[in-house]
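Asker: Quick one: the structure is below, questions incoming.
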Amino acid sequence: MSTEIPSLSASYANSFKIGAAVHTRMLQTEGEFIAKHYNSVTAENQMKFEEVHPREHEYTFEAADEIVDFAVARGIGVRGHTLVWHNQTPAWMFEDASGGTASREMMLSRLKQHIDTVVGRYKDQIYAWDVVNEAIEDKTDLIMRDTKWLRLLGEDYLVQAFNMAHEADPNALLFYNDYNETDPVKREKIYNLVRSLLDQGAPVHGIGMQGHWNIHGPSMDEIRQAIERYASLDVQLHVTELDLSVFRHEDQRTDLTEPTAEMAELQQKRYEDIFGLFREYRSNITSVTFWGVADNYTWLDNFPVRGRKNWPFVFDTELQPKDSFWRIIGQD
């Protein structure tokens, strides 16, 4: 690894943390690289409900422990992801002993035990938790996503979850996290939800803007308006899952073996503009996490087109800095 390449996180030391989503295999193969460029890590999947709590009386913390131990040993922050989500939650959470629907009381008891155990295990080691993930509906005529959490617990499940997480670790920053967060309609739904939670006294310390964007959109104005709207609630903002796909969402092509020159140039300019904007709001934005480490691995290789390579980050498939890296480095 070239020593002449400056550390990405060090170059933003006066602005915000620079993070990456990781899994345990990466720590073994890319640990030195991760430690050089990132001062925050998020478990991409290995802290999700079904990963750490597959059966009611069984917890599997080996992978999560490995990530936390790696980070703590190197002075790297950890974001916890995620406690309450409609995906990757095991069926037993919503069922009683006979396979019927669990009662509200049973679910609240289970949720508290889960949060107490998971958050409590990493107390004072995880600086922020995505407590509730993606509870807002994308369709314009609905507000809350229709999930088992909502159907069985009612809307106050969010308040309950935040209160439980705060009890388990009073020092952790607690976030509501969502995608399409720059869309004006969904933006207002997220704003109103978090404002309502705050009005109810819920310990919500921040909003997670996922940042699954592409080289064409959303517009810089939409990103700026979302930042300003959320910041007006006087909460911290984290960009939690940043990647810039080289494809529009509706683009189904599968024939590219590398990005076109136009894609690469658009991505460089977008990264430069976006990080300039983030830096402008560094009093509000305290952490920016990429949803991966480098182009050698990204969830976008299988979404929305399965098996299609994507190149969404500032490091290439060989862990070398792309031109976009040099566009955003040294902006502090």
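For all residues, glycine too, the Cβ spot is worked out from N, Cα and C.
According to Swiss-Prot, the protein has these features:
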type: ACT_SITE; residues: GLU134; note: active site, proton donor
type: ACT_SITE; residues: GLU241; note: active site, nucleophile
type: DOMAIN; residues: 2-331; note: domain 'GH10'
Asker: Around the residue listed as 'active site, proton donor', which residues of its chain at least 6 apart sit with Cβ under 8 Å of its Cβ?
Answerer: TRP85, HIS86, ASN87, ARG145, ASN177, ASP178, TYR179
Asker: Under a three-state reduction of DSSP output, how is the residue listed as 'active site, nucleophile' classified: helix, strand, or coil?
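Answerer: Once the DSSP labels are grouped into three classes, the residue listed as 'active site, nucleophile' ends up as strand.
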Asker: Check each residue in the chain of the residue listed as 'active site, nucleophile' that is at least six apart in sequence and keep those whose C-beta is under 8 Å from its C-beta; list them in sequence order.
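Answerer: Those within reach of the residue listed as 'active site, nucleophile', by Cβ under 8 Å and sequence separation of 6 or more, are ALA21, TYR179, GLY208, GLN210, GLY211, HIS212, THR289, TRP291.
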Asker: For the residue listed as 'active site, proton donor', which DSSP three-state class applies?
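Answerer: The three-state answer is coil.
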